[in-house]
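TrEMBL has this to say about the protein:
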{"type": "DOMAIN", "residues": "1-275", "note": "domain 'SAM-dependent MTase RsmB/NOP-type'"}
{"type": "BINDING", "residues": "Cys29, Ala30, Ala31, Pro32, Gly33, Ser34, Lys35, Asp60, Asp87, Asp113", "note": "S-adenosyl-L-methionine binding site"}
{"type": "REGION", "residues": "280-347", "note": "region 'Disordered'"}
{"type": "COMPBIAS", "residues": "554-567", "note": "compositional bias 'Basic and acidic residues'"}
{"type": "REGION", "residues": "554-642", "note": "region 'Disordered'"}
{"type": "COMPBIAS", "residues": "579-592", "note": "compositional bias 'Basic and acidic residues'"}
{"type": "COMPBIAS", "residues": "620-629", "note": "compositional bias 'Polar residues'"}
{"type": "COMPBIAS", "residues": "630-642", "note": "compositional bias 'Basic and acidic residues'"}
Amino acid sequence: GNISRQEAVSMIPPLLLNVNPHHKILDMCAAPGSKTAQLIEMLHADMNDPFPKGFVIANDVDNKRCYLLVHQAKRLNSPCIMVVNHDASSIPNLQIDVDGRKEVLFYDRILCDVPCSGDGTMRKNIDVWKKWTTQNSLQLHGLQLRIATRGVEQLAEGGRMVYSTCSLNPIENEAVIASLLEKSQGALELADVSSELPGLKRMPGITKWKVMLKDGQWFEEWKDVPSNRQTQIRPTMFPVKDEEKLKAMNLERCLRILPHHQNTGGFFVAVLIKKSPMPWNKRQPKVHQKLPQKTGDAEVTATNSDNGSERITEEPTLDENEESKKKQELQNSDTEQSKKEGVCGPPPSKKMKLFGFKEDPFVFLPEDDPLFLPIQKFYALDPSFPKMNLLTRTQEGKKRQLYMVSKELRNVLLNNSEKMKVINTGIKVWSRNSDGEQFGCAFRLAQEGIYTLYPFIHARIINVCIEDVKILLTQENPFLSKFSSETQKKVKDMAMGSIVLKYDPDPAKPDDLQCPIVLCGWQGKTSLRAFVPKNERLHYLRMMGVEVFKAKRKEEESESKTGEEVQHGLTQTEEGMDVEDKEHDLVTKMEAEIGEESSHSPVENSAMEVENKIEDLDQSGKNANSHVIQESKDTDTSNMKD
């Protein structure tokens, strides 16, 4: 998890979305999450704003791949990302509370990177050569069109949707766009992005193509297709014959990137702009205005989470209205009850088939929760701290972790828990630490959320120099005597417990790291340590120019322990100290941090094992760990507990 690789052409769709920090963004087919990561970075363009007004809702139909998505997004530590698990072609309409009334959520930006045959990846993907047939595109075309249609339905007027595939087949590309433009009746237009991304070599979209069957038969028009083949080949797969219509579509504004253009994979991108509501959604606002008056906080019954939104315009009859009203009121009483308690549970199983793991609910902290007062006092939190946005994943028993979401995502969560399967949202900001209670606060800071929390914390901050940071990141539990005299003075007057360690760059020393660093730490009686996960630790050290592996090799030469001692030491240290290192288990439910105490994910493990093998560090890591155990026996044991 130290480095993320992404095909260069795959980076184009997020760039063409022109994202601003206030945009509400939907990523319809998001796993494994590289493009989602780009979108999150764009939201946080201003690093001084911990809570941008926008958010990313990242969706994927595959439950297991959703956990991969969580893993990718988690590394960016953003409170503005939510991962959901739905079929993109029937993703439900969500609602938000706007000044006390419910409104349908329309997105400013939608990324529609649909499943495709992948023939553009033939240079790196050997399977394409073995398995490719014309049948692939014929089977996918319908799904791609349904997903794209669902996307534009949820797009705000004036919003932008990028449709992309890693295929070069016009049936998956121009045919889908042409069909979408045709049925939009002028509500959509293709944006001219020829001036964007200058230097990118590209070809215009094509306007003429034929359709081919698996057995080699070619067809130029729908009327040529024999009736026994009309289930495989659909009319939307053919180019538009009407020259005027075709010209008005401006299909040449699509982007085709071929492998030889700039030594990449093949890729197709189209940028759509929504000028007015879709023709079948024209009466939608009228329905939405009526409903809130009739049923108070009722959910909009016009939403259709199973069959797309094609039936939104159908006005229900009076009998249906009465029936739906009764159902609505029954639903509302339950919904309102759970909303009052701030509980966002998973949707009822009758409404939606649930696959994969059953998620724990998201429970927002009540305003008068006694849990928060000692935390506020201990860290001297600013009065502007948005405590309403704190949540836990447990309804009963001790709250072990506290997470934080942005105000906008809180709104989405509270108003849509019945119709949405949320896999993960929020970043961990505090973890329960039983030893902390004796020092005034049972919760220690979590590195994952420190950059979000830091602007609100006014106490327990220690400014450290670059040498101190190096000690904190290279030694597990260093004695106070190892730090600079300034740091020792500051620590002397401070009570034991969780602390913030802040490094501010000195412009007068241009050779030192010129980027501020905020670390979570723990102050014991005689020692000071950082609570930072291993990969983040290595990252900071590399930024500071410390040759991580060289330092480890020296340790390996100087340290020598028997195998048994090493193994014992390693186990103890991992159990006692590296709790943060053991986060994000993708394959099991732990990834979403529901189990609250997790172990290394297979992905992280393999990455770290490879790193260790390459640098021949296995032994040195163990030696270092056993050394820590030996050294910390003399220190206060409470420092070692999480």
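Positions of Cβ are set from backbone N, Cα and C atoms, glycine also.
Annotations in TrEMBL come from automatic prediction, not curation.
Model, not experiment: these values are computed from the prediction.
Positions of the features from TrEMBL, shown on the structure.
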| residue | record | Cβ contacts under 8 Å, 6 or more apart |
| --- | --- | --- |
| Cys29 | S-adenosyl-L-methionine binding site | Asn59, Asp60, Val61, Ala88, Cys112, Asp113, Val114, Pro115, Ile147 |
| Ala31 | S-adenosyl-L-methionine binding site | Asp60, Asp62, Arg65, Cys66, Leu68, Leu69 |
| Gly33 | S-adenosyl-L-methionine binding site | Ala58, Leu68, Leu69, His71, Gln72, Ala73 |
| Lys35 | S-adenosyl-L-methionine binding site | Ser10, Met11, Pro13, Pro14, Asp27, Leu111, Asp113 |
| Asp87 | S-adenosyl-L-methionine binding site | Val61 |
Can you give the largest Cα to Cα distance in Å, as a whole number, for the residues Cys29, Ala30, Ala31, Pro32, Gly33, Ser34, Lys35, Asp60, Asp87, Asp113 that bind S-adenosyl-L-methionine in the record? 20
Please compute the mean pLDDT of the model over the domain 'SAM-dependent MTase RsmB/NOP-type' (1-275). 94
